[in-house]
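Shown next, in structure tokens, is the structure this report addresses.
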Amino acid sequence: MGSILNAHENQQIKNPSIKISPLLDLLIFFAVALTLLLINWHLINVHNLEATDFAANSLLIQKAKHLDLFVGNYSRVGFYHPGPAILYVLAFGELLFHDWTRLLPSAFSGQMVAVILYNAAWITIIFRMLRTIAGSTSYAGLMMAVFLYVVARENFQFFAGMWFPELYFFPFATALVAASRFASGKTDALLPLALSAGFLINGHVSFVSTLGIIFTLLLLYNHLQRDKLGRDQYIFSREYWKTNGRAVARAIFVLFLFFVPLIIETIRHFPGPVASYISFGRHHHANTFGNMLRYSGGYWGSTTVFVVAVLAMDVILARTIFGKRRAAPGNGVALLATLAAATAAMLFYSKFGVDELNQKYIGYFYYSVPALTAGLLVTWVTRACPPRPLRLVATIAIPILLAATVVKINNTPDYANFYNEPGIAHLYNSLEQTKPNGRIVLNLDTKPNPAHIWETTLGLLIYAKRSGTDLVCINQNWHISYTKDAQCTPSEIANNAGYEVSNSSAGDRAPTDIDGAGLLLRRYPDDYAELGFISAEKEPGLFASVLNGGWSSVESQFVWMQANEAHLLLKVHNGYSGTLQLDLGAFLPRPNSAQHLTIYVNNAPAYHATFDANTPRQTIRIPIERVDQGRLDIRFVDPDIVSPRSLGLSDDPRTLGVSLYGLGLAR
């Protein structure tokens, strides 16, 4: 292997300048884009009504279209990622191909074309850099063909899929190839490096540490190679900065631009998302060494293959770096060093950053390392062949590999059914026909199949947004993916029409007001005084409708008060007077435990009760004087809430106070 590397190095010394043709770059870009467009046209040329994550992104994209978006896509752990770069790409596609020109039948179709152009651009940039590294279009073409084929085998959705974990793949591959030039002391790939790093960090906060580790290790590699580099290629030399200072400064400036939205968001909503990133890092527990190896090894097919590949990389790099030969370092070796650095970063991420080891999508970007390794290995092997047979092999192998790649990616993504949910339009129309006075308040059920409710509600929100109406807001079980703008205000909860949203099921025979897109919507009454007693066990949906902060999710028989202050909100007719009945228990973990509860009705103290071993469950009746504002705000204040975990009773971290089994209004 060493002789092959040295032959490659000597060839590059003889041919230091490789002519890069912009015409060839354009040809590659349009060929890739056209191929992906043709493969996905049956999905694009449709009036799509997106749901799930795609709708969540579209909600943010509506802000991007007005240059008012300063956060990235949402994270499932409850915060937004650092920046909106990819979302602005999708917004441009929606504007250009749908809003402005009507070339495509739906806004989401415009986003799909934007993703294809986005990936085609990264693929073109990678090929351009590989031509420089390989010193030959034939070698670069063979390496690229192998890379693309391996990628297609790993996950064909990397090429045109709309899911954000897949949109990080080609920028990461670009960053690795560009970083190898940086490791060699070259500056011709600094702009692609800055662009790809910016898109990655905007897309997911974990790339801050991942890229940081890679760059640190590559600086070490450059330092260890200092005796084999020119003075203007050794990054820690004065000559390097004298020659390349401006190029580095330009790249740093480009990268800085990607942080501007985060800075603006932090100033607007201090402390911004950064505080959430720090909090998540503090609370995440590191994975075991074995789990770390198995998770990272999964991207190589098995842990055994992974370990063998890592050892081989280390041996080759050690021979190259510490060998006695003083040949100039080949760019291929620098690329191998970059892949090794990326593997070290992935191991770190698998140890300290991955919170769900059963979710492979978290590390999708790392698939680029085995794919680039395969391409690099094939290139090195073929360089051992005589030139003529090599050209013949490349001429035959490249079109075969590219054809096989097209066959692999000529497929429909697993999640394509979420590109178009026609039932969302029917659901929107049914709600719109109720002619609400203000936004309709939706309380989302959490069982069964809460994922379907979440997916469809996101589709409803973006459909309403594009229709120009702010039709609904989310109260119970709001999630950050719905955006903060969609969260109901206290005034809306108190005054607007409300619905319980649950899944359709064959066994559910209760009457419904609206049925659409697999969801059932039941309107809440305008006067709870007419309903009698409401039980958490028998009527959980109706019972949950009056919970207004400070309560847990409804359990099988009751709901826990889990804050020092909790509220019930009941709509009644003006002039109501009668009695409020409450069936209450309490969390009493020890014989001497007690919970002291004070109840306020419309801010006036109305009742005080103590729960202890002698009175663990009580029925409380509170007289209600004439109500003129059309609602009752029942406030519970309990200073004695306590966590089972803090008492060593269980791992339950919730703080628990009184428990509410049911309530009712009597005249």
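A Cβ is built for glycine as well, from the same backbone N, Cα and C atoms used for every other residue.
Annotation comment: TrEMBL describes 23-44, 79-97, 109-127, 133-151, 158-179, 199-221, 247-264, 299-318, 330-349, 361-382, 389-407 as transmembrane segment.
Under the criterion of 3 or more C-beta pairs below 8 Å, with sequence separation of 6 or more, the transmembrane segment (199-221) and the transmembrane segment (389-407) do not qualify as touching, having fewer than 3 such pairs.
Here the transmembrane segment (133-151) lies next to the transmembrane segment (361-382) in space: the count of CB pairs under 8 Å, restricted to residues six or more apart, reaches at least 3. Counting Cβ pairs under 8 Å that are 6 or more residues apart, the transmembrane segment (299-318) and the transmembrane segment (361-382) reach 3 or more and are in contact. The highest tally of CB pairs under 8 A with the transmembrane segment (361-382), across 109-127, 158-179, 247-264, 330-349, is held by 158-179.
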